[in-house]
Amino acid sequence: MNNCLKCRALVISLLILNVFQVSVASVVSTGDFNKDFFVMWAPDHVNTSSNGRERSLKLDQVSGSGFASTQMFLFGQIDMQIKLVPGNSAGTVLAYYLASDQPNRDEIDFEFLGNLSGQPYIVQTNIYVDGFDNREERIYLWFDPTEDFHTYSILWNLHQIVFMIDSIPIRLYRNHADKGVAYPRWQPMSIKTSLWNGDSWATRGGLDKIDWSKSPFIASFKNYTIDACVWKGNPRFCRADSSANWWNKRSFSTLTRVQNRWFKWVRKYHMVYDYCQDNQRFQNNLPKECFLPKY
């Protein structure tokens, strides 16, 4: 009898431990850049407000700059308010992305490509899986992203990856792993941002170079939210269907009806480039996901 009671107690303890580990998997960020991020490149080009709530990156002829999250995550949603480089920013690239830092890395990228004054900003998104990318899409922004802060979000779950701007979905990449399409689902990733010289390709294919007389170039960040599964070494906690892992629930497996309408609007009126329409690049052998449902 005592052995039976001990066994039951052990089982209950293990269940409680499991629930606890799942419940602490999700983290809501502190909002303090000094606590949730570290400077990974050029500390003298990174400026943080005294309360840690705002941060800026600088690019000049000496260096670019960047910072990264102290934690790694497997699934969740990341939101960051960003004000892009104003004025003549041709040749500059601001990257805001998730990356796994493995040789066969996974990556989920926002890249903001600088422009000549008066020209619309281009946002490029890309997805790396197992070290392979070639999944670029580009859109023109429908507002001036240098006048004020806007919220740029990545929702990453077992079902889909959604890129959003001010809650409007601009790109969707579905999990079609069961059909042989690569999808980032095993490697934890950290959050990174960097501002750098990309004038060999970023603006009009590299035709417009950086005008260093306009430097320094400044991009600003604030009001970020990290609601994601903190990597603890075991993917099953992040893949679990639990109240903490809200992003993995079936209701987040597709866009809502309203989101779908916005998504179609973006693609109809603001899309500049879609790799799934570039037959010349892929020699009429488009990637498999291009023939599967996007939403």
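Yeah, the Cβs are placed from backbone N, Cα and C, and that goes for glycine too.
The signal peptide annotation in TrEMBL covers 1-25.
The domain 'GH16' annotation in TrEMBL covers 22-221.
Taken from TrEMBL, the feature active site, nucleophile applies to E107. The number of other Cβ atoms within 10 Å of the Cβ belonging to E107 (active site, nucleophile), over all protein chains shown, comes to 20.
Its Cβ taken as reference, E111 (active site, proton donor) is surrounded by 19 other Cβ atoms within 10 Å in the chains shown. Under the heading active site, proton donor, TrEMBL lists E111.
Marked as N-linked glycosylation site by TrEMBL: N115. Take the CB of N115 (N-linked glycosylation site) and look out to 10 A: across all protein chains shown you find 25 other CB atoms.
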